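K.L.:
Below: one structure in C-alpha cells.
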Amino acid sequence: MEKQYVLAIDQGTTSSRAMLFDRQGKVAGVAQREFGQIFPQPGWVEHNPREIMTSVYTTITELLNNAQIDARAIAGIGITNQRETAVVWDKATGQPIYNAIVWQSRQTKDICAQLKEAGHEQMVRDKTGLLIDAYFSGTKVKWILDHVEGARERAQKGELAFGTIDSWLIWNLTGGKVHVTDYTNASRTMMFNIHTLQWDAELLAMLDVPAQMLPEVRSSSEVYGMTQTQYFYGEQVPIAGIAGDQQAALFGQACFEPGMAKNTYGTGCFMLMNTGDKAVASKAGLLTTIAWGIDGKVEYALEGAIFVAGSVVQWLRDGLRMLGKASDSQAYAERAGDNDGVYIVPAFVGLGAPYWRSDIRGAVFGLTRGTTKEHFVRAAVESMAYQTRDVLTAMQSDSGIELKELRADGGAIANDFMAQFQSDILNVPVLRPEVAETTALGAAYLAGLATGFWSSREEIAKQWAVDRRFEPAMADDKRQALYAGWQQAVEATMGFRIS
C-alpha cells in the first residue's frame with residue numbers, strides 16, 4: 001500500500017497527542033488525551049509513567065479509528081516529548097520503580113545546592129552547556145536512586161533502565177526490545193557531553209549514576225525499531241524520528257539556518273536560536289543545547305527556558321477564577337486598554353533564563369483600588385512577552401546575531417493581542433505559521449526524512465507558510481517605558497524573602 005502519512009506522537013506535560021500529517025505537512029487527523037498531575041509536596045511535580053503510556057495507546061487507537069486510516073499507509077512514527085522528565089524502570093518487568101519526576105519539579109534543589117557547593121558548576125557548564133538546576137534529568141535520576149530502597153545496587157547490576165519520556169515510549173512500543181534516546185534529549189540530562197557526543201564518566205560519577213542504566217544515544221532521524229503489532233491492527237510501523245519538544249518545534253518551524261529562531265508559548269515559554277555547527281557558550285544565562293543530529297552531523301542551538309508562561313493564565317482561570325476559559329484572555333486584555341502600571345512576575349517555581357533563581361516566589365506590583373481583573377489578565381499576558389524580551393536580549397548578546405524575525409508557535413500565540421504585543425515589545429516581526437502544531441510536525445518531518453517520505457530539508461522548508469505576520473507598531477518611548485517597569489518588578493521580586 002502507498003505510504004500516505006507520517007504519525008507523530010507528541011507526549012506533553014499535561015496531555016498526549018497523536019497526529020497524522022500528509023505529504024504537504026498538513027494535519028490529517030488528531031487525537032488527544034489528558035492525564036493526571038501528581039503533587040506530593042509543594043514544588044514537586046510527578047507523573048505516573050503507566051498512565052502516560054495508556055494515554056499514548058488510547059490516542060493512537062482513537063486517531064486510527066476516527067480518521068479511518070489503514071496502518072499500512074503510515075510511513076513511520078516520529079516521537080516528541082516533554083524533555084528532562086525522568087523515568088527509571090525494571091528491565092525485566094517494564095514496571096517503573098517510582099513516578100516520573102517532571103521537568104518542572106524542584107524536589108532535587110538540595111542536590112543541586114550540594115553540587116554547586118562542591119564546585120562542579122563550571123565543569124557541568126563546559127561539558128553539557130547547561131547549568132546545575134533541578135530542571136534537568138541527572139539530579140532526578142540521582143534522587144530516585146537515593147530514595148527508592150535498593151535502587152542504586154540494582155542499577156549497578158544492570159537491572160534498571162533510565163530514560164527520558166522518548167526512551168520510555170519506545171521501550172514500551174517495541175515491547176522492551178529497544179532502549180534508545182536521541183542527541184536532543186540526551187543533551188538535557190546533565191549527564192551527556194555535547195562536544196564528544198557521549199555519556200560522560202565524570203558527570204556520571206558526580207551524580208553517582210551507573211552507566212549500565214543509560215539508553216544508547218542515536219541520531220534524531222533514523223529507524224530505531226518497529227512497533228509491536230497490537231498497536232496498529234497487526235501491522236508493524238517503524239519508529240524513525242525523535243526530538244525533545246522544543247527542538248522538534250525548531251525543526252517544524254524550518255529554522256534550518258544559523259540565526260533563525262522560534263519561540264513556543266505553552267505551559268512554559270522556550271526560545272531557541274539555531275547556531276549551526278558551533279556550540280556557542282552563553283555568558284548571559286542561556287543554555288547551549290543540541291538542536292538535532294541528522295545524517296552524521298550535529299547542529300546546536302542557544303535556548304532560553306521560561307518556566308511559567310501560558311500557565312499564568314491557567315492560574316487566573318483555575319486559581320483566582322478571573323476567567324471562564326483561557327481563550328477569554330484576549331478580550332480581557334484588550335478591554336483593559338493598558339496595564340495601568342500592573343506587572344505580574346510569575347515566578348511560581350522561581351525564574352528560569354536568564355536569571356536562574358529557583359529561590360524566589362511570584363509577585364504582583366502596581367495595584368490600586370482601580371485595578372480590575374482585566375488589568376490582571378493583561379499583566380499576565382504581557383508577562384510572557386517581557387520574559388521573551390529578557391531571553392532575546394541575552395541571545396543577541398551571546399550570538400552576536402540581531403534577530404530579523406521571530407517564528408512563534410504554541411497555544412498562547414493564537415491570542416492576537418499577545419502576538420502583537422510581543423512584536424511591539426521586541427521591535428521585531430512575529431510570524432505565526434499556518435500549521436500551528438509545529439512540535440508534532442517537527443517530529444513527523446524527522447521520521448519522514450528517515451523513511452524517504454520527504455526527500456530533504458529543502459522540500460520541508462518550502463512547505464512552511466505564514467498564517468499572519470505581526471509588525472511592530474508601538475512608539476519606542478512607550479516600549480522602553482513598559483519594559484523598564486518590568487525590569488523594576490523583576491528586581492523587586494528577586495529582593496523579596498519569606499523566612
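For all residues, glycine too, the Cβ spot is worked out from N, Cα and C.
Keep in mind that this is a model prediction, so the values were computed, not measured.
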K.L.:
Quick check on the annotation: Swiss-Prot has Arg83, Glu84, Tyr135, Asp245 binding sn-glycerol 3-phosphate, so which of Thr13, Thr14, Thr196, Thr288 does it put in that site too?
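P.N.:
Matched candidate out of Thr13, Thr14, Thr196, Thr288, per Swiss-Prot for sn-glycerol 3-phosphate with Arg83, Glu84, Tyr135, Asp245: Thr13.
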K.L.:
For Gln314 (ATP binding site), list the number of other Cβ atoms lying within 10 Å of its Cβ atom.
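P.N.:
15, counting other Cβ atoms within 10 Å of Gln314 (ATP binding site).
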K.L.:
Would you please pick out, from the binding-site residues Arg17, Arg83, the one with the fewest other Cβ atoms within 10 Å of its Cβ?
P.N.:
Arg17
K.L.:
Consider the binding-site residues Thr13, Arg83, Glu84, Asp245, Gln246 and say which one has the Cα lying nearest the Cα of Gln314 (ATP binding site).
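P.N.:
That would be Thr13, nearest by Cα distance.
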K.L.:
Taking the center of the Cβ atoms of Thr13, Thr14, Ser15, Thr267, Gly310, Gln314, Gly411 at the recorded ATP site, which other residues in this chain have a Cβ no more than 8 Å from that point?
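P.N.:
Same chain, not in Thr13, Thr14, Ser15, Thr267, Gly310, Gln314, Gly411, Cβ within 8 Å: Gly12, Gly266, Ser311.
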K.L.:
Validating a neighbour-count step here. Other CB atoms within 10 A of the CB of Gly411 (ADP binding site): how many?
P.N.:
16
K.L.:
May I ask for the distance between Asp245 (sn-glycerol 3-phosphate binding site) and Arg17 (ADP binding site), taken between their Cα atoms and rounded to an integer number of Å?
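P.N.:
Cα-Cα, rounded: 12 Å.
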K.L.:
Suppose the glycerol site is Arg83, Glu84, Tyr135, Asp245, Gln246. Which further residues of the same chain have a Cβ inside 8 angstroms of that site's Cβ centroid?
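P.N.:
Residues close to the glycerol site, other than Arg83, Glu84, Tyr135, Asp245, Gln246: Gln82, Thr85, Trp103, Arg188, Gly244, Phe270, Ala305.
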K.L.:
Would you mind reading off the Cα separation of Thr13 (ADP binding site) from Glu84 (sn-glycerol 3-phosphate binding site), to the nearest angstrom?
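P.N.:
Thr13 (ADP binding site) to Glu84 (sn-glycerol 3-phosphate binding site), Cα-Cα distance: 11 Å.
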